[in-house]
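**Q** So TrEMBL lists the following for this protein:
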DOMAIN    2-115  domain 'PLAT'
BINDING   17, 79, 80  Ca(2+) 1 binding site
BINDING   39  Ca(2+) 2 binding site
SITE      103  site 'Essential for stabilizing binding to COTL1'
């Protein structure tokens, strides 16, 4: 089963981090992944200035990654999150960068394309 390494960079501004749930979906030319919760047990994900990496395993190769969907859902109370960028390392070793450089507020889904 193919595995993608997803790296998420949170901004270093005051209050840029979040405790909300963050989900990721990969969309490729040959298919779409399931929605994955980005979370490491016993680790405080998405802190201000942090760069966190996650392994996303899929059933079949997705082909060339065209876009990613990032979804933020409330955990305890509503907080905003400043997402700088997300990089994806494909199973063949290619690196793709998906710039964002904006605040993600409320509970919404943001679509990012390769930059």
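A Cβ is built for glycine as well, from the same backbone N, Cα and C atoms used for every other residue.
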**Q** Residue counts in helix (H, G, I), strand (E, B) and coil for the domain 'PLAT' (2-115), per DSSP?
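**A** So the counts come to 0 helix, 60 strand, 54 coil.
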**Q** Restricting to the domain 'PLAT' (2-115), report the mean pLDDT as a whole number.
**A** 93
**Q** Non-local Cβ contacts of the residue listed as 'Ca(2+) 2 binding site' (under 8 Å, 6 or more apart, same chain)?
**A** 21, 22, 45
